[in-house]
Amino acid sequence: MSLELTAPAPEEPSVADDGTWLECIACGAQFAPFEDVRYTCDDCDGLLEVRYASPPTWDDFEGRGVWRYNAALPFEEGVSLPEGATPLHEVPRLEADVGVETLRVKHEGMNPTGSFKDRGMTVGVRVAKELGVGRLACASTGNTSAALAAYGARGGMETLVLLPAGKVAAGKIAQASLHDARILEVDGNFDSCLDIVQDLAARGEAYLLNSLNPFRLEGQKTIGLEILEEFHEDYGTYPDRIVLPVGNAGNTSALYKAFRELVQSGALDVDDVPKLTGVQAEGAAPMVEAIENGWDETRRWDDVETRATAIRIGNPVNAPKALPGIRETDGTAVAVSDEEITEAQRDLAAEGVGVEPASAASVAGLRKLRAEGVVDADERVVCLTTGHLLKDPDAAFEAGDDPEPVPNDTEAVLEHLAE
Ligand SMILES: Cc1ncc(COP(=O)(O)O)c(C=O)c1O
Ligand SMILES: [Zn+2]
């Protein structure tokens, strides 16, 4: 099986270009990386993965942000704003309250467009240029469209985004709009948008930049590389567990791949690989269902609902990559309610960390797993927060306190404060 944590570094096939090629995770077919546009396997339609003849070691990394890790990426540099180098916050009160030895929060909302998607787009748009494609497209719960619009604009390329009508947070549509994406609102959910955009891509109408595109996940690997490097610098050890929100399971797959490549190069001991722990909203939890039932695939949920619109996804396309990642790292998956998500959003805000609802799912999930005794008190944990508070201002208003109207007069203000 190609997705085992202990699989040896691969042999370079003749189709490789400068030590890089594409490989099907289902049947092992290999393809040249940049000759043709291809998202899945020609032979069996399985998911593709980018493979390298020389997986990276720590000494290979220099510089800052995503492109610090170019030894783990297909290019030296990309279309950049720049992205990555996000904070790994200490959250002492939350750490004590949840009851783990160490808790750090990797705040991906601090990327240029306010989500982790920028890490994938800086690589994806670079590949699009290599392939010489015209229009870039994605389906999105919002953040992918914001990132695609911005990175497409940066690269001087036309962009098209398909969004589920009425289910995308205001900040994200505003971004796609101002960065001049053509925005189509589909009368359906995210999964139907992805079906359509895959059809468009198959007909050559656009280059697909959803996380089905294996190159996007390469950029997202750098979340894991940054966490490991910084955590090790601070504590001389690696985190026991990384907890992350799950939608299409792109990050889960990407972090797993980052760890596998480090194990292949000898840079990381297999016993030091953090347990990948996925969190979904109760109303959109096909990955949790698959983990709990020991399934190799997810069942498509047609009716999904959650206030965390970014992860309102019923058919996670990267499940075949992510399920082995959770299992092989001895991780788990858990579902949380919208109320638990909002509570966690407030907890993070009380530490000065402003996140959108989907992001807070990681903290809500950790709290639940700790209460259930699945996570131990002596664990060192990193929670990933994937998007910024300003992405979803309506949710922030709902979770926070209402402004209080006061008269235009100091005495009246003082009186009001004394009430
Ligand atoms: C804020 C946020 N968190 C989490 C996710 C889910 O990420 P993934 O598809 O990698 O599981 C998304 C994207 O859909 C997102 O926008
Ligand atoms: Zn195949």
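Any Cβ shown, glycine's included, is placed from N, Cα and C.
Remember, TrEMBL labels are computer predictions, not curated facts.
When Thr6, Thr385, Thr386 are compared with the pyridoxal 5'-phosphate site residues Asn143, Gly247, Asn248, Ala249, Gly250, Asn251 in TrEMBL, the one appearing in that site is Thr386. Between the two most distant C-alpha atoms of the annotated pyridoxal 5'-phosphate binders (Asn143, Gly247, Asn248, Ala249, Gly250, Asn251, Thr386) there are 14 Å. Using a 10 angstroms CA-CA radius around Lys117 (N6-(pyridoxal phosphate)lysine), the binding-site residues that qualify from Asn143, Gly247, Asn248, Ala249 are Asn143. All protein chains shown were included, and the count of other CB atoms within 10 Å of the CB of Gly250 (pyridoxal 5'-phosphate binding site) stands at 25.
The pyridoxal 5'-phosphate site is defined by Asn143, Gly247, Asn248, Ala249, Gly250, Asn251, Thr386, and by the 8 Å test on Cβ atoms against their centroid, the other residues of the chain that qualify are Phe116, Ser211, Pro245, Val246, Thr252, Ala310, Ile311.
If you take every residue in the domain 'Tryptophan synthase beta chain-like PALP' (79-387) and average the pLDDT, you get 98.
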